[in-house]
Amino acid sequence: MAGSVGSENPIQRLARGFRDHPITEAVGRYSNTTRHASKRAKARVLDIGHPLVVLTRGTRQMAADAKTYWTEAGGHEKHKEWRDLVVFVFAVCAVAVGFQPYGVLLLLAIWAAGATYLGRDRPDPGKDPESEAHVARLQSAYNGLVPYLMDAHDPDERFKPGGGYRSGFTEWEFDDGDRLVSLKIQYSPFFKDGESDSRAKVERALEGKIGQSNEYLYDWDEEGNKLAVRILPPLPIGIPAQPWKVAEIEYVLGFTDPTSTARLIPVQLSAEPGGEVPVVELAPVVWRHGRFAAEPHLLVAGVLGSGKSNLLRSLAAQALGHGHLVTAIDAEHTGHFDEFSGRDGVLRVESQPAAAMDLLDWVCAESTRRAERLRDLGDTEDTLMTELAKPLWLFVDELASLGEAAGRAGLADPQDLLADLMRAGRTTGVTVVVSSRAERVSELRATVRNQAHARVGLGQLPPGASTALFGGTLEIGGPAVLPPGRGFARVGGGPVVRVQVPVAADVTAALPVLVGAVVSAGDGETGEADSFGGTDGTGGTGGAGGVGQDLY
Ligand SMILES: Nc1ncnc2c1ncn2[C@@H]1O[C@H](COP(=O)(O)OP(=O)(O)OP(=O)(O)O)[C@@H](O)[C@H]1O
């Protein structure tokens, strides 16, 4: 083919160029139908002749500008004289330049430059800058919402039949794959956004228009009459708890969307013994925790069976893996902490109210003892401090139930003790993790809630609970039933992100691996820990040795 190009005459070359010229994307869609052959030809002509089109458009603009100048200057005599003078000087200059060597070429170059500038492609100010496909999808979502958000009393009439999507949607975003991933809606102040039925209608309408296979995160701002929606693919479920590759002071609460965090860690997806264990990179939700941490305590709230105890167990396993001391109160006698009893590092696990209150008293006394010793020592070596204030964890599963049981038994309110403990815990190295049924979050005192700045909400939270936890009515839409361990998390003043908690089902199998990993790292080995299922049963030791930073 290359040989034939040299022997082409200019006309053949032009014809070949025209034939081979890439057609534009829009026209490409029609390329398989003869019906649109003329459209294709027109697009090719416009594409190849684009410089000519620009020059013609610019020349026409130039002529129109000159005409406007000529006619508009005629309003006043004085202006008219000025105009005549300017035109005369311009004409004389042009003629003088024209008679110079290359003068005509220079004039042509000036004309071409001016025409190219004036005829350049400019966006049509009246045209929607979104692509047609995006406009169609946004408008379809808008139309689907009109029956539910239309309000005759709304002076702005943001949602009305025949309205444009821009009057109701304030922001939207499409990802690289052209998926709508976020949408912000401003609605009438008269819309009953406090009623879950009204909200549900809007949510289901959006899901119907945008697609049922996604997961939707709804953030209702009832004060501002705004709804922020994020549309995301479902998170992976059933991730087995394992020794996470994070820093020593970091604890993995769960996993979120890659767009919500700036990092990914390798995660083994299966705990099945034998065979290839798939490893993927997932975005962790990390709680940074340690002495003087900004968020030393955690509050987990969730609906019935949403996986609160599982999260507490997962954190207890991580704490033991770091060689920390663990105590736990199982207020509802679920037995979720039984398999921790008697393990190295586990000081006490209680479920009876009297014993649980006794444990609370002990932890408070230990915290006070630590505070006094630290005060006596003043500034001392870090290693001694670390030994004195060895991290001690108190897990209270279902705090509201514990309060109720203690009240029935005529005991003190555990929240009184907890509030003091949490306040001092930051310096004394005592971490409190409490869980509560979502509908009972309001029973937790503000003094307790305010000390727990790291928060996780699991399952479909009632509006009151999500407001108490995150300051807004958050809902997850899409699948009818959320998998256990799915919810939202916020650490301190960070953003609220959705989270999928890993499953810590078989802690008996998990602990030896976690603790073994710490010990072998302390021995200087860098080998990676097995997944839970892969354990060969090498019993765990106390795990008080050094913590392998590269393993956690
Ligand atoms: N992240 C998870 N992934 C998979 N399954 C989970 C997860 N979390 C919990 N589960 C499963 O869901 C069930 C309920 O979990 P769990 O007891 O932790 O919930 P809960 O919120 O504490 O329940 P309750 O409200 O009854 O106390 C258990 O069978 C558990 O194995």
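Note that Cβ sites are derived from N, Cα and C of the backbone, with glycine treated the same way.
TrEMBL labels come from automatic prediction, so no person has curated them.
Going by TrEMBL, these are the annotated features:
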BINDING   Gly302, Val303, Leu304, Gly305, Ser306, Gly307, Lys308, Ser309  ATP binding site
COMPBIAS  534-552  compositional bias 'Gly residues'
DOMAIN    282-467  domain 'FtsK'
REGION    525-552  region 'Disordered'
TRANSMEM  85-113  transmembrane segment
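Listed binding-site residues: Val303, Leu304. The one with the lowest count of other Cβ atoms within 10 Å of its Cβ is Leu304.
Ser306 (ATP binding site) has a Cβ environment of 26 other Cβ atoms inside 10 Å. Counting every protein chain shown, 22 other Cβ atoms lie within 10 Å of the Cβ of Ser309 (ATP binding site). Within 10 Å of the C-beta atom of Gly305 (ATP binding site) sit 11 other C-beta atoms, taking all shown protein chains into account.
Sequence-ordered, the extra residues of this chain that approach the ATP site, with Cβ no more than 8 Å from the Cβ center of Gly302, Val303, Leu304, Gly305, Ser306, Gly307, Lys308, Ser309, are Arg437, Leu458, Gly459, Pro484.
Within the model, the domain 'FtsK' (282-467) shows a mean pLDDT value of 89, rounded to a whole number. Secondary structure at Gly302 (ATP binding site), taken from DSSP and collapsed to helix, strand or coil, is strand.
Taking all protein chains in view, 28 other C-beta atoms sit within 10 angstroms of the C-beta of Gly307 (ATP binding site).
When secondary structure is read from DSSP and collapsed to three states, Ser309 (ATP binding site) falls in the helix class.
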